[in-house]
């Protein structure tokens, strides 16, 4: 991974850290070194994630998704982990979330070395950092000292829908105090994620009830995806979001391939979009026009 891409991963973490949630005081790197003395809390979490990752490399995408889904709603306050008949877990965008067992295992391991001190909010952040590292994204420092929240309502979940336009997505992130550049960095997490067929199946065969695929895509892409997501299927299958034919392992590596593939297959040929296209394809400047 290039040095600039490593910087991008660090910025990714800083953007998520801006969702302060239930924080009290300033976050700091290495907070638990003072609070837990000889216990290495970050290594304890890392060891749990590493063991899970080697059993299932796709767990990295799941953990990354959990952190984003948690932080985007009320800040990084672990509200997505709370149970309840109408908690955030029950909201439609979160029904396919997995990885809860990883956080539970990490929490249990941490409690054995530093009981009653480490928040679940910080465990989510530390576990996701390790997942990013194991996926080739480089190791970055995480700030800790978050406090867990106690409010979790499905009605509060306002995650951007997968079908919205770029303009609508920029607006959704702006409501959270994030700009278009922040959005592009965060969307880059899709480079190791998958999507359920039912979320985009209409674009493959019957886009906007035309009986045809979405013509803004490269013509080869719908053909390939229809093999995974046939029109008469229940739509429960999944497809990798990084459709890199030149490097089949890219879908398991946190790199900038998703940007390149997305730009090549979806951006319309307008002047404005061409500027975004050009920026997304650059290794050293993964930002959008402001």
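The backbone N, Cα and C atoms fix where each Cβ goes, glycine too.
TrEMBL has this to say about the protein:
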type: SIGNAL; residues: 1-25; note: signal peptide
type: DOMAIN; residues: 26-259; note: domain 'Plant heme peroxidase family profile'
type: DISULFID; residues: 36-114; note: disulfide bond
type: SITE; residues: 65; note: site 'Transition state stabilizer'
type: ACT_SITE; residues: 69; note: active site, proton acceptor
type: BINDING; residues: 70, 73, 75, 77, 79, 88; note: Ca(2+) 1 binding site
type: DISULFID; residues: 71-76; note: disulfide bond
type: BINDING; residues: 160; note: substrate binding site
type: BINDING; residues: 191, 242, 255; note: Ca(2+) 2 binding site
type: DISULFID; residues: 197-229; note: disulfide bond
What is the separation, in Å, between the Cα atoms of the residue listed as 'active site, proton acceptor' and residue 88 (Ca(2+) 1 binding site)?
-> 9
Go through 65, 69, the listed recorded positions, and name the one with the sparsest Cβ surroundings, counting other Cβ atoms within 10 Å.
-> 69
Going by Cα-Cα distance, pick out whichever of the recorded positions 36, 65, 114 is nearest to residue 77 (Ca(2+) 1 binding site).
-> 65
Where the distance is taken from Cα to Cα, which of the recorded positions 65, 160, 229, 255 turns out closest to residue 73 (Ca(2+) 1 binding site)?
-> 160
Work through the binding-site residues one by one (70, 79, 160, 191) and name whichever has its CA nearest to the CA of residue 229 (disulfide bond).
-> 191
Residue 160 (substrate binding site) and residue 65 (site 'Transition state stabilizer'), compared by Cα position, are separated in whole Å by 13
Find the one among the recorded positions 36, 65, 191, 197 whose C-alpha lies closest to that of residue 71 (disulfide bond).
-> 65
Could you round the CA separation between residue 79 (Ca(2+) 1 binding site) and residue 36 (disulfide bond) to a whole angstrom and send it over?
-> 24
Which residues, sitting 6 or more apart from residue 36 (disulfide bond) on the same chain, put a CB under 8 Å from its CB?
-> 113, 114, 117, 118
